[in-house]
Amino acid sequence: MSYGGGYGGGRGGGNGYGNGDSSYGRGNSYSNGYSNGGSNGYSGGGGGGYGGGRGGSGGGNVNGYSGGGGGYGGGGGYGGGGGAGGDRMNNLGANLQKQNWDLNTLPKFEKSFYKEDPVVAARSEEDVAKFRAQHNIAVQGPNIPKPVETFDEAGFPAYVMTEVKAQGFPAPTPIQSQGWPMALSGRDVVGIAETGSGKTLTYCLPAIVHINAQPLLAPGDGPIVLVLAPTRELAVQIQQEITKFGKSSRIRNTCVYGGVPKGGQIRDLAKGVEVCIATPGRLIDMIESGKTNLRRVTYLVLDEADRMLDMGFEPQIRKILGQIRPDRQTCMWSATWPKEVRALASDYLNDFIQVNIGSLELSANHRITQIVEVVSEFEKRDKMTKHLEKIMEDKDNKILIFTGTKRVADDITRFLRQDGWPALSIHGDKQQNERDWVLNEFKTGKSPIMVATDVASRGIDVRNITHVFNYDYPNNSEDYIHRIGRTGRAGQKGTAITLFTTDNQKQARDLVNVLTEAKQVIDPRLAEMTRFGGGGGGRGYGGRGYGGGRGRGGGGNFSSSNAAPLGGGRRW
């Protein structure tokens, strides 16, 4: 069957990351990426290294890392002045022109493509209810299409199905079974599903079909599909999926996020892209400076809407949505359904239909074994080491360690490396190219231990993480569920180990509720804590956070944590 084929072969090439210029920067600024001259690509005695021409004159190499003093960014530190920085929040969008939309004069567009397969149509309401119950699918709203049980029943055109089948998936995930017919029908959709449920493909494939039914982009046109995401990591992850499945249609995309130079992103937007995946701050920056516009957007996705609101992006999201025609199709995806997300949906989605996988109550993935140990603060490192010794007996294991602050993340990484463990850390003060490198080392298993702050608790999609270790308990149970959701994905089992102190006592009751719902064993000392209110105030460890401002040469950035030499007694 066909969905209209405006695109055919008439689309330019250059799809994917950066359209021809994905380098990390040139010349003195980054010393050709990772800086030549040192073993393992580290700065090794001169050159600008990452620090942007600040020196890097370290002494001899130790285990391939530059020794004494210089290290990765020399005395200036990795951040070289401001750290990686996220999207700028202050006054964003102040110069955006208010749009007055007259739907009578706007060009019409097609958004309804779903034609129910005869096999699906023949299923009784009883069969449909049984399928939904088996797969924990709950739906709300009028005239919701029946779920599909196979890829072929979804009725995607051949150019999409070829790519899907090449991935070797046996059948659609529950969110895809119900979400594809909903999204293809052109309706506004709210999807509530845990991380790792397959939601990215649930909106990506209908987006590709949508694009192929629209007129070709003209010079100066902005994107047709806009995907908003909370973090750079998630944005890049989404881009990889769209690149993979949009390849045969020659759909062009770009990823627009802060913390990296704008040049490549601006060039992509100027050439014309059908899909723009963006974090809110950098996108507003691009619109305000006239580098793109959202007049052609007819398919909008808000991914991890709850996380975007948690991170304070609501004013930016509302400004962006005001730049998009109101008769667009909007798909909103979220792991949870708090009142803030409900308010956003009711303000910006029209007559939406909703699909929910699992309970709307705060609940953890039941494939994850949750172990919570009540410890004192000074016991933590010893406990962590003992767990690592056991976990890393299996060389295929990958462990993600969460800390409450950037300082603790760097301290722990340095401690582990000096103890011989191949650990690297990632957090908001690391420059983007360091974060990319660390993530790649972790993904490929070269460094199977990654220490992270909550910047990585959502939006980093690394397959086969076998263990999550909460060195510090997060501020609330919702973040706890998001953190441990990095393991046990795509039908796999996982293990989450959490160190819980009296400082976290305020969170004990919520945590016990999560553990009870998932039928987990509860430490008697944790159960005891729930009898008392008050307690340590739930501040988490480390108080004020660390490192905002000037960068810290040799103190907590690449030169002293990720580039710390591995101790002599290698542990792995």
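Note that Cβ sites are derived from N, Cα and C of the backbone, with glycine treated the same way.
Annotation comment: Swiss-Prot describes Ala193, Glu194, Thr195, Gly196, Ser197, Gly198, Lys199, Thr200 as ATP binding site, evidence class sequence analysis. In the shown protein chains, 22 other C-beta atoms lie within 10 A of the C-beta of Thr195 (ATP binding site). According to its DSSP assignment, Thr195 (ATP binding site) is coil.
As annotated by Swiss-Prot, motif 'DEAD box' applies to 303-306. A Cβ distance under 8 Å defines the sequence-distant neighbours of the motif 'DEAD box' (303-306), meaning residues of its chain 6+ beyond its ends; these are 199-200, 203, 227-230, 234, 238, 332-338, 340-341, 344-345, 458-459.
What Swiss-Prot lists as domain 'Helicase C-terminal' is 383-530.
What Swiss-Prot lists as region 'Disordered' is 547-572.
According to Swiss-Prot, the feature compositional bias 'Gly residues' maps to 547-557.
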Lowest local Cβ density among Gly196, Lys199, which the record lists as binding-site residues, within 10 Å: Gly196
Which same-chain residues, if any, lie at least 6 apart from Thr200 (ATP binding site) yet have Cβ under 8 Å of it: Gln237, Ile238, Glu241, Asp303
Shell list (ATP; ref centroid = CB of Ala193, Glu194, Thr195, Gly196, Ser197, Gly198, Lys199, Thr200; cutoff 8 A): Thr173, Ile175, Ala335, Ile357, Arg489
Same chain, 6+ residues apart, C-beta under 8 Å of the C-beta of Ser197 (ATP binding site), given in sequence order: Thr173, Pro174, Ile175, Ile357
